[in-house]
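**Q** Sharing the feature lines straight out of TrEMBL:
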- 20-48: transmembrane segment (TRANSMEM)
- 38-287: domain 'G-protein coupled receptors family 1 profile' (DOMAIN)
- 55-75: transmembrane segment (TRANSMEM)
- 95-115: transmembrane segment (TRANSMEM)
- 136-155: transmembrane segment (TRANSMEM)
- 201-223: transmembrane segment (TRANSMEM)
- 235-257: transmembrane segment (TRANSMEM)
- 269-289: transmembrane segment (TRANSMEM)
Amino acid sequence: MNNSIVTEFMILGLTQNPELQGVLFIVFLCIYLVAFFGNGLIIIVIIYNTALHTPMYVFLLALAIVDIICTTSIIPKMLGTMLTSEKSISYGSCISQLFFFTWSLGAEMVLFTTMAYDRYVAICFPLRYSTIMNHYMCVALLSIAMVIAVTNSWVHTGLILNLTFCGPNNIDHFFCEIPPLLSLSCSPVRINEVMVYVADISLAIGDFSLTCLSYGFIIAAILRIRTAEGKRKAFSTCSSHLIVVSLYYCPVIYTYIRPASSYSFERDKVIAALYTLVTPTLNPIVYSLRNKEMQTGIQKVFAFLKH
């Protein structure tokens, strides 16, 4: 049960400099539009094209939905605080934002691992791919990802709800995230820190290790490719995927593995921007829009719209 005296929080944002806020507003508006329409285009193209109804593209569809939820739960409110002097967010809205962000964080990490496993099976066991990655396996992997994400989100949101906030109410961040909320709590946060640490070890480090392991096997398989052109294309794809994955996992691991007392919000706000804003924007470009099958699907959608 929540016994908090605080009924609303003040989101301080990335900076208090009015001139810099104007520049950041334009930058983050562009980032949000690219992320929203890029991921939205992927969703439409995959749903519209039956040729793309395969495990790889179903996982990409799920990732695009998660990215839209992640950015939409954070950026519109952040843009609103930059544009107006209204920086308050109600206690309930803050908890809702925390829930959806934590859910998308967990879902994205498990989906990255699932997608890496899918590519591992496709490249290392091409003749058995359709047997291994059948409809039931695809549904099972997506269900596991969603159950883990929801469980992770409910645990952390529930623990935050048990904390007492009696003031101050200034969140030195651009959204309601666990670390800044823990720093405002008037009640002990030890159990919260322990659960965040457990989630970071099991979800972030665990998933990152499995993802890297899958790509390790993939790279070993690529080295057996005889043609130089085939190796170049495969390495190009793997390297871009690993860069995006690392840009997501490394900041998350860094942020959540430390106790609340060690946070430096001026620095950590910038780090948080990598996994909340940058990665969801890069995902459509790296995973889908460079893909020939996706490009063909996009052309079909635009051709349909013309008629």
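These residue numbers are counts, starting from 1, taken along the chain as shown.
Cβ coordinates come from backbone N, Cα and C, glycine included.
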**Q** Between the transmembrane segment (136-155) and the transmembrane segment (269-289), are there at least three Cβ pairs closer than 8 Å, leaving out pairs fewer than 6 positions apart?
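**A** These two segments do not touch.
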**Q** With a Cβ cut-off under 8 Å, give me the same-chain residues at least six positions beyond the ends of the transmembrane segment (20-48) that come close to it.
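**A** Apart from its flanks, the transmembrane segment (20-48) reaches 13-14, 57-58, 60-61, 64-65, 67-68, 71-72, 75-76, 78-79, 82-83, 277-278, 280-281, 283-285, 288-289, 294, 297-298, 300-301, 304.
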**Q** For the transmembrane segment (235-257), give me same-chain residues lying six or more residues beyond its boundaries with a C-beta closer than 8 angstroms to one of its C-beta atoms, as numbers and ranges.
**A** 105, 108-109, 112, 116, 119, 178-179, 196-197, 199-201, 204-205, 207-208, 211-212, 215, 218-219, 222, 268, 271-272, 274-275, 278-279, 282-283, 286-287, 290
